[in-house]
Amino acid sequence: MAAPTPARPVLTHLLVALFGMGSWAAVNGIWVELPVVVKELPEGWSLPSYVSVLVALGNLGLLVVTLWRRLAPGKDEQVPIRVVQVLGMVGTALLASLWHHVAPVAGQLHSVAFLALAFVLALACCASNVTFLPFLSHLPPRFLRSFFLGQGLSALLPCVLALVQGVGRLECPPAPINGTPGPPLDFLERFPASTFFWALTALLVASAAAFQGLLLLLPPPPSVPTGELGSGLQVGAPGAEEEVEESSPLQEPPSQAAGTTPGPDPKAYQLLSARSACLLGLLAATNALTNGVLPAVQSFSCLPYGRLAYHLAVVLGSAANPLACFLAMGVLCRSLAGLGGLSLLGVFCGGYLMALAVLSPCPPLVGTSAGVVLVVLSWVLCLGVFSYVKVAASSLLHGGGRPALLAAGVAIQVGSLLGAVAMFPPTSIYHVFHSRKDCADPCDS
């Protein structure tokens, strides 16, 4: 079959990115909109802890998908993807209409609609890693990077939308000469939470439409021996040598694929297993840090330097994710040693941020421009480096086909869960970290 025309790969990259955008957009949108909804919901600022628990419980989606695969082996893999997408679209649409509804539970008012829909969306998002990723085994490895770019957009776009909305804007009143300064003055948002959730629904609709477009580009593969993945997209097509090279860590060498098949080499299989385990371990560890440990301390590490530092860290850190995916499209590290070195750089930046959070509300260089630059740069480097490692490790695992990508999705989700569980006691039970109040200077001596 002829190689794909120049327009088709570009369109496929775009559709894959939009498809990936729908993976975590719903839960990311809920997180960035919490400062708005807590003003009207009865849980107040206890609401984030409720959402954290619900997102952790959302990992039950992994069990549901596993059970479905056991009960219906060999069934169409599009079914769970469509279920996840429908849950996301319907959940955010209902959230836009019902988020402010409350009901009495055990004699107290609770935001039952908001919490129930947040749980449904958490189920869908957690299941996306083990449904969306295996589907990409039908595409050459370079499109996997577009998927992770889309996942980065699922965090960046809700952040940008919240900034346009005016989330978190406040003004400190002038301090009196003798006396305590008054409370900070909050600005009214430019549009309500319902509008935000409708916009989020539109993003998920676009993601579902992109998946349908991918299905049109990639009809079911014909029953031919090997190589073809769909119409116009081939692993073995001319010009695809780079795909074979980067997927080789988990693929059979060409010398063995052709001619007589030699007997199994136990040592080679052992090395192959060790390499795969290292890549999966890197995926689990990096996602534990970026999706569990570090988000729990972001406000503690940034807010002592001011709201501007916090917003810059959130937005630029989210932008670092898709930028790292762009970099991986051109330069992909295929060495375990190289990925390990990059991971150590990310751990160093993460350790600095954790130290700032522990020392909050009076970390080093507070009140200086250097402190703001360092904390923002550390967040950008940390999230960017770990995003690159995640994309590179997943690209190398792509050669193992659908089972390897399924294992990658499980590693990502399990790592995220372990990171979140590890941070729950120090943040919510033992209160190791201390926040800084707005318009107050506890470090002024």
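For all residues, glycine too, the Cβ spot is worked out from N, Cα and C.
Look at Swiss-Prot and you will find 247-258 tagged as compositional bias 'Low complexity'.
The region 'Disordered' annotation in Swiss-Prot covers 228-264.
Annotation source Swiss-Prot lists transmembrane segment at 14-34 (among others).
For 47-67 (among others), the entry in Swiss-Prot reads transmembrane segment. Same-chain residues lying 6 or more positions outside the transmembrane segment (47-67) and placing a CB less than 8 Å from one of its CB atoms are 27, 30-31, 34, 37-38, 41, 80, 111, 115, 118-119, 121-127, 130-131, 410, 413, 417, 420-421, 424, 428.
Swiss-Prot lists 86-106 (among others) with the feature transmembrane segment, giving sequence analysis as the kind of evidence.
Same-chain residues lying 6 or more positions outside the transmembrane segment (112-132) and placing a CB less than 8 Å from one of its CB atoms are 19-20, 22-24, 26-27, 30, 37, 41, 50-51, 54-55, 57-62, 64-66, 77, 80-81, 84-85, 87-88, 91-92, 94-95, 98-103, 105, 147, 406, 409-410, 412-413. Annotated transmembrane segment per Swiss-Prot: 112-132 (among others), in sequence order.
As annotated by Swiss-Prot, transmembrane segment applies to 147-167 (among others).
Residues 11-12, 14-22, 25-26, 29, 33, 36, 78, 81-82, 85-86, 88-89, 92-93, 95-96, 99, 150, 157-158, 161-162, 165 of the same chain, all 6+ positions outside the transmembrane segment (196-216), place their C-beta atoms under 8 angstroms from a C-beta of that stretch. According to Swiss-Prot, the feature transmembrane segment maps to 196-216 (among others), an assignment based on sequence analysis.
The list of residues near the transmembrane segment (277-297) in space but at least 6 beyond its ends in sequence, with Cβ under 8 angstroms from a Cβ of it, reads 249, 336, 339-340, 343, 346-347, 350, 353-354, 357, 382-383, 386-387, 389-390, 393-394, 396-397, 407-408, 411-423, 427, 433. The transmembrane segment annotation in Swiss-Prot covers 277-297 (among others), and the record cites sequence analysis as its basis.
Positions annotated as transmembrane segment by Swiss-Prot: 312-332 (among others). Here the transmembrane segment (312-332) has long-range neighbours at 32, 142, 145-146, 148-149, 151-153, 155-156, 159-160, 163, 246, 298, 301-302, 372, 375-376, 379-385, 387-388, 391-392, 395, meaning same-chain residues at least 6 beyond its ends whose C-beta is under 8 angstroms from one of its own.
According to Swiss-Prot, the feature transmembrane segment maps to 339-359 (among others). Only residues 6 or more beyond the boundaries of the transmembrane segment (339-359), in the same chain, are considered here, and those with a CB under 8 A from a CB of the stretch are 282, 285-286, 289, 293-294, 297-298, 300-301, 304, 333, 374-375, 378-379, 381-382, 385-386, 388-389, 392-393, 432-433.
Annotation comment: Swiss-Prot describes 366-386 (among others) as transmembrane segment.
Beyond the transmembrane segment (404-424), the same-chain residues lying 6 or more positions past its ends with a Cβ under 8 Å from any Cβ of the stretch are 52, 55-56, 59, 62, 126, 129-134, 136-137, 250, 276, 279-281, 283-289, 291-293, 296-297, 390, 393-394, 397-398. Look at Swiss-Prot and you will find 404-424 (among others) tagged as transmembrane segment, backed by sequence analysis.
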